Amino acid sequence: MTDNIPLQPVRRPKRHDSKHRNGCCPWSRCCGMGDFRPRTVWLGHPEKREQRYPRNVINNQKYNFFTFLPGVLFNQFKYFFNLYFLLLACSQFVEELRLGALYTYWVPLGLVLIITIMREAIEEIRCYLRDKEVNSQIYSKLSTRGTVKVKSSGIQVGDLIIVEKNQRVPADMIFLRTSERNGSCFLRTDQLDGETDWKLRLPVACTQRLPTAGDLLQIRSYVYAEEPNIDIHNFIGTFTREDGDPPVNESLSIENTLWASTVIASGTVVGVVIYTGKELRSVMNTSNPRHKVGLFDLEVNCLTKILFGALVVVSLVMVALQHFAGRWYLQIFRFLLLFSHIVPISLRVNLDMGKMVFSWMIKKDSKIPGTVVRASTIPEQLGRISYLLTDKTGTLTQNEMVFRRLHLGTVAYGMDSMDEVQSHVFSAYTQPTHDLPASRAPAATKVRKTISSRVHEAVKAIALVHNVTPVYESNGVTDQAEAEQHYEDTCRVYQASSPDEVSLVQWTESVGLTLVGRDQSSMQLRTPTGQILNFTILQIFPFTYESKRMGIIVRDESTGEITFYMKGADVVMSGIVQYNDWLEEECGNMAREGLRVLVVSKKSLTEEQYQDFEARYVQAKLSVHDRSLKVATVIESLEMEMELLCLTGVEDQLQTDVRPTLEILRNAGIKVWMLTGDKLETATCTAKNAHLITRNQDIHIFRPVTTRGEAHLELNAFRRKHDCALVISGDSLEVCLKYYEYEFMELACQCPAVVCCRCTPTQKAQIVRLLQERTGKLTCAVGDGGNDVSMIQEADCGVGVEGKEGKQASLAADFSVTQFKHLGRLLMVHGRNSYKRSAALSQFVIHRSLCISTMQAVFSSVFYFASVPLYQGFLIIGYSTIYTMFPVFSLVLDKDVKSEVAMLYPELYKDLLKGRPLSFKTFLIWVLISIYQGSIIMYGALLLFESEFVHIVAISFTSLILTELLMVALTIQTWHWLMIVAELLSLASYVASLVFLHEFIDIYFITTVSFLWKVTVITLVSCLPLYILKYLRRRFSPPNYSKLTS
């Protein structure tokens, strides 16, 4: 009992609760729309609306035409760094505070703002064009003038919209009519909820019975719909036809809805629009895109605040040493301006330009083709990711199911032996004795016949126990009606709510038993000889998340035999089938190979047994109280002692190199969480297959919990496990977060891997947010569907994979890749390089500014603490631009190891997670170097200058430039030809400009030997000790990367 540590419930309110409870959209307040209300929608009459509804437009832009400039300027000046320079520049309009020409302050600030505004404008234009493409998609609308074309943005509540097969649903609609003969349609919802299962949708019965779609405008009818909310799995409404005799009332549920962002998978449908724009379920499940600021930028901002503190202290010390004489308060301001270079304005420019270079390098990398950088402000984030949260379907997997294994207990058939299965099925239908008992068959073929009949029974069961419908389409040669009549193979496609089922039916077709026809009450199979077998469907028990199995009762029309077939997960089927000694072992073996295992069984029923079952089943379905329990009890009476036929193994193929990529991420110290809308078994299977969960790791499957007490017990059970991967469903997760948020997150963060299944888009974003709040670490979210957008936007770094689920995720992401495997290089190479280069660049720019500020401090101290600038005019601007900008900026090309080494040793990435490249320690080291070099240069110049003040400027400024160029050379680890060009170009620029600087520098003095030796001595004294220290450090305490490069 010592393990049962009491868990304290979380009492503080969560910031997202109210939004979810009220079902309100994050924009509702700012749009002035108030609370959402239910509505009555008249079919085909938008003008009869009782309230204003939002326009049906998608808008992902941060600004509009009027808010762009104020918004960009506000985002720039809300940070201390930029606000400080604005105030600094404005102070120069006050005559008593002016220290030099106005352009020395306003030109650098203007340059920063122009670069920022141009970058933001380019991103906004791109976003506008992407939104325009979606909003301009054309749809057909039924009106009194017939069928008219309308843009997606022009669709209103009450419009009757026609949506073709494979077309995106443009708004939330109620399903009124379909062209399918069976009176239903399939819907692909992967962009909405991440599930690849196709959903069956049913039209309103009253409108489906109308002769033509045009009749929808002739009847007087309306839909009553609940208020808009974020629940994508439920809907409450009614359909009323007033001109009927008597008036028709039908209840509406989720089965009658077509949500926006889903895709019609079969037939052509007509629907009435009930929600548009910001009231769409898909939009309400998408969080507002936030302006992401990188952790690196926040750290730099923190350092600049420290530098500003130093600036204030130095200014106060200078005035204090003057004993606060005269108008001392003005002197403080003058010193603040004089030492303003302590906080370098060029830092922001250099870092922003560096980000653009890093983004360009990512785009141009031939090893990760098709990668796009959509947020060029955060490439350094890629170098410090601690948690990677990934979707499953389409991100880790290809979303393609392939049949891999048929196991009969004594014999198994893999992909290489399917021809044997085919021959067994063929012989079962061509041997005249295949119906005879085994005892009457010749003795020599008894064993072969037994195996043959077992294979045939298994294949026939797989071909019958499913919810797949074959659909025939015109292929240009054969029209639809003819194809359907003759069961034309080339025109047939299979539709189902699960890709697993389609793969099984496609496999039975490949071995000779083809599903050629199906409706609500019958099914037709074609044998290898072309004979059509007719089966009557007596009952179907669909698959549910709770039952984990599906069953079907069919009657063979040729023999009158009634058979109950069932397939399901091994955990439930093991207690249903007859005792055997191989099921558990083989299921385990197949699951370890990453296959999704189904157990198939059958039971023959007599007519009397079936009639008895049917009577009890109908009675149970009519009961009002505990209906589902009574129905389940009746079905379970059949599910006993069933004959085990076979196991099937289906694989959802992983994307290329998913396993080695996950291995790289794990070795780099990144914890991977998988968040998926898919089923628990499927998610667990994929996690094992992808080696997200390693073979020697235990798995704790979190039991479904609904109450606080259950959550308490289950968390205590989980607490006892160590080094164990966690698998939890979305419902259980919600309960845990409601009562024990802190405790759950603490335990989950200790797990080597976490799998969250049946997650809603909002839950995915919530998990990302909680990880950020609880751990303070950086998160990266990877997904490919519309249901991943919230998660991608919430994460510190969002990566979209362009896949079969469309481009919605990749368009909303900060970075988009074409394959999951590219993530390894994106993080290990580009993320690592971007962070290390930006760290080196920022610290060097600070060093450059501190050097000149130290020299100014020494100069003022020597000359009785006078607030007189050492360098003026062009010298001060040229120092941080023409003379040193290119060499310093060339650090963005530096690298410590080759990209191949970074990929081979992902452990190098782990060092960055501690933030060592830019820390208070490294900052302090650079500050000390700056003070040392600035002091040496200034005191050296003061000691060596002869008669005129102008010589101090010449000697000190030249030594300063040479010192900076040598320090860049000292910092560089791998030389690039552009670095050499930058060094030589800067030196040449300085020498050439000396001709024009006669106002500050004596041109005759700088050509003397005296000048040359003095500058050489000062430069050597300032740089040589640092070169010696660098050599000794690499010799006796080399960093990790140097061990690999040597």
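Every residue gets a Cβ built from N, Cα and C, even glycine.
The transmembrane segment annotation in TrEMBL covers 65-87 (among others). When Cβ-Cβ distances below 8 Å are used as the criterion, the transmembrane segment (65-87) is approached by residues 105, 108-109, 112-113, 116-117, 120-121, 124, 291, 300-301, 304-305, 308, 343, 345, 347-348 of the same chain, each at least six residues removed from its ends.
Taken from TrEMBL, the feature transmembrane segment applies to 99-118 (among others).
Each residue in the domain 'P-type ATPase A' (145-279) gets a DSSP state, and the totals come to 22 helix, 52 strand, 61 coil. Residues or ranges marked as domain 'P-type ATPase A' by TrEMBL: 145-279.
What TrEMBL lists as transmembrane segment is 298-322 (among others). Residues 79-81, 84, 328, 331-332, 335-336, 338-340, 342-343, 347, 351, 842, 846, 850, 853, 857, 860-861, 865, 867, 915, 918, 923 of the same chain lie 6+ residues outside the transmembrane segment (298-322) yet bring a C-beta within less than 8 angstroms of a C-beta in it.
Long-range contacts of the transmembrane segment (328-351) within the same chain, counting only residues at least 6 positions beyond its ends with a Cβ under 8 Å from a Cβ of the stretch, are 81-82, 84-85, 88, 91-92, 96-97, 99, 108-109, 111-112, 115, 297, 300, 304, 307-308, 310-312, 314-316, 318-319, 322, 838, 841-842, 845-846, 848-850, 852-853, 856-857, 860, 867-869, 876, 880-881, 885, 888-889. Positions annotated as transmembrane segment by TrEMBL: 328-351 (among others).
What TrEMBL records for D391, K392, T393, E501, F543, K567, R596, T676, G677, D678, R758, K764, N787, D788 is ATP binding site.
What TrEMBL lists as active site, 4-aspartylphosphate intermediate is D391. If you draw a 10 Å sphere around the CB of D391 (ATP binding site), it holds 30 other CB atoms from the protein chains shown.
Annotation comment: TrEMBL describes D391, T393, D784, D788 as Mg(2+) binding site.
If you look up TrEMBL, you'll see 845-865 (among others) marked as transmembrane segment.
As annotated by TrEMBL, transmembrane segment applies to 871-893 (among others). Same-chain neighbours of the transmembrane segment (871-893): 100-101, 103-104, 107-108, 341, 344, 346, 350, 353-354, 357-358, 837, 840-841, 844-845, 848-849, 852, 953, 957, 960-961, 964-965, 968, 971-972, 976, 978-979, 982-983, 985-986, 989-990, 993, 997, 999-1000, counting only residues six or more beyond its ends whose CB sits under 8 Å from a CB of the stretch.
What TrEMBL lists as transmembrane segment is 923-943 (among others).
Here TrEMBL flags 949-970 (among others) as transmembrane segment.
Residues or ranges marked as transmembrane segment by TrEMBL: 977-997 (among others).
With a cut-off of 8 Å between Cβ atoms, the residues of this chain six or more beyond the transmembrane segment (1003-1029) that come close are 929, 932-933, 936-937, 940-941, 944, 950-951, 954-956, 958-959, 962-963, 966-967, 970, 994-995. Annotation comment: TrEMBL describes 1003-1029 (among others) as transmembrane segment.
If you measure from the Cα atom of F543 (ATP binding site) to that of D788 (Mg(2+) binding site), you get 26 Å. Close to D788 (Mg(2+) binding site), meaning Cα to Cα within 10 A, are none of the binding-site residues out of T393, R596, R758. Cβ contacts within 10 Å of N787 (ATP binding site), excluding its own Cβ and spanning all protein chains shown: 33. Across the structure, D784 (Mg(2+) binding site) and D391 (ATP binding site) place their CA atoms 7 angstrom apart.
Where the transmembrane segment (923-943) meets the stretches 99-118, 845-865, 949-970, 977-997, the count of C-beta pairs under 8 angstroms peaks at 845-865. Summarising model confidence by region, the domain 'P-type ATPase A' (145-279) averages a pLDDT of 87. F543 (ATP binding site) has a Cβ environment of 21 other Cβ atoms inside 10 Å. When every Cα pair among D391, K392, T393, E501, F543, K567, R596, T676, G677, D678, R758, K764, N787, D788 is compared, the largest distance found for this ATP site is 32 Å.
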